[in-house]
Amino acid sequence: MRGIRGIFTFLIGGAVILTAYIYKKYNIVFSIHEIGDFATIFTSIILDALPFIIIGSLVSAFIQIFVSQEIIEKMIPRSSALGYICAGLIGLIFPVCECAIVPITRRLISKGVPVGLGVTFMLSVPIVNPVVIMSTYYAFYDHRSMVLVRTLGGFACAVIIGIIMDMLCRDDRNIISGQANFDNLCNCGCNTIITAGKSRIRSLIEHTNRELLDITRYLILGAFLSSIFQVVAAHKGFEFISENKVLVIVFMMFLGFTLSLCSEADAFVGKTFYSTYSFSSITAFLLIGPMLDLKNLIMLSGGFNKEFVSKLSFVTLGIVFIVSCIFMMCGL
């Protein structure tokens, strides 16, 4: 929990410093109209995303409390082809919360599930799950192709990354680090909620409450930053980002990594950039965030060795960038 609070404090401080730097460097003066635009964008993101993060928190809490890890393990075949398909699609049945994904994956791999299948499971579940699909559909109601692109793109990226990681780590049997303490890293209570003497219903309520509070903090931060960027991007001096198709992909990937938004809410933040940046860059934002963000990177570092985390980070960033560039070259 302290780790999560530290990340949130760091991001808030960084947001304040970045805003002050932009304001001073470009001598930006916000008009009353622009302040109104900021308030409108910020409020709309929060109100649109809130129902989906409530649903997502409740569903993932239900899965965490009532579905055992052994059931998930049995549903992932050990055979390569079928195993990767099942690992990539299992989120449609078990939409586990994002911070529970890392410890679950760690335990699956330690029990003998192939590294590639574990990685595919870990990366696909936050994207290929019904709540995220619904939230993306609602956010991009006027550009529904984004739902298909994000879901299929997320599935493809997860499988490709899983296959690559399996090849890179085939001879490495020690990717699991020492006894990880995820309790201090996960604020939704995935690892501490169920205790003796508590009913499952009470545990469900507590888990949902903690996860909802955790997600909401990042949603507020993400909504604030994206609203600021939307207003600032209209001023001179920022055209170079949107004019360079490759640079804007890199910028949106950076944004997706640092904001650490939950996948149920990031579509609403991404939608606010649609009128400014390209389709492919928004896709990059929606793919990289659920797969690799600052919060999950810290959790990965607590459960796996540095070499594995470095390889996974590099491969994930590379594959998402390449896939986004392919979308760009296809005219998206």
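Every residue, even glycine, has its Cβ placed from backbone N, Cα and C.
These features come from TrEMBL:
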type	residues	note
TRANSMEM	6-23	transmembrane segment
TRANSMEM	35-62	transmembrane segment
TRANSMEM	82-104	transmembrane segment
TRANSMEM	116-141	transmembrane segment
TRANSMEM	147-169	transmembrane segment
TRANSMEM	215-234	transmembrane segment
TRANSMEM	246-262	transmembrane segment
TRANSMEM	274-292	transmembrane segment
TRANSMEM	312-330	transmembrane segment
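Looking at 116-141, 147-169, 246-262, the range that has the most CB pairs within less than 8 A of the transmembrane segment (312-330) turns out to be 147-169. Under 8 Å from some Cβ of the transmembrane segment (274-292) lie the Cβ atoms of residues 98, 123, 126-127, 132, 136, 140, 143, 146, 149-150, 153-154, 157-158, 161, 230, 233, 241-242, 245, 248-249, 251-253, 255-257, 259-261, 263, 266-267, 312-313, 316-317, 320-321, 323-325, 327-328, 332, all in the same chain and six or more residues away from its ends. Within the chain carrying the transmembrane segment (35-62), a Cβ under 8 angstroms from the stretch's Cβ atoms is held by residues 95-97, 100, 131-132, 134-135, 138-139, 188, 204, 207-208, 211-212, 215-216, 219-220, 222-224, 226-228, 230-231, 262-265, 268-269, 272, all 6 or more beyond its ends.
Between the transmembrane segment (215-234) and the transmembrane segment (246-262) there are at least 3 Cβ pairs closer than 8 Å, counting only pairs 6 or more residues apart in sequence, which means the two stretches are in contact. For the transmembrane segment (116-141), the list of distant contacts is 48-49, 52, 55-56, 59, 76, 78, 80, 83-84, 87-92, 94-96, 98, 101-102, 104-105, 108-109, 147, 150-151, 154-155, 157-159, 161-163, 165-167, 263-265, 267-268, 270-271, 274, 286-287, 290-291, 312, 316: same-chain residues at least six beyond its ends, Cβ to Cβ under 8 Å.
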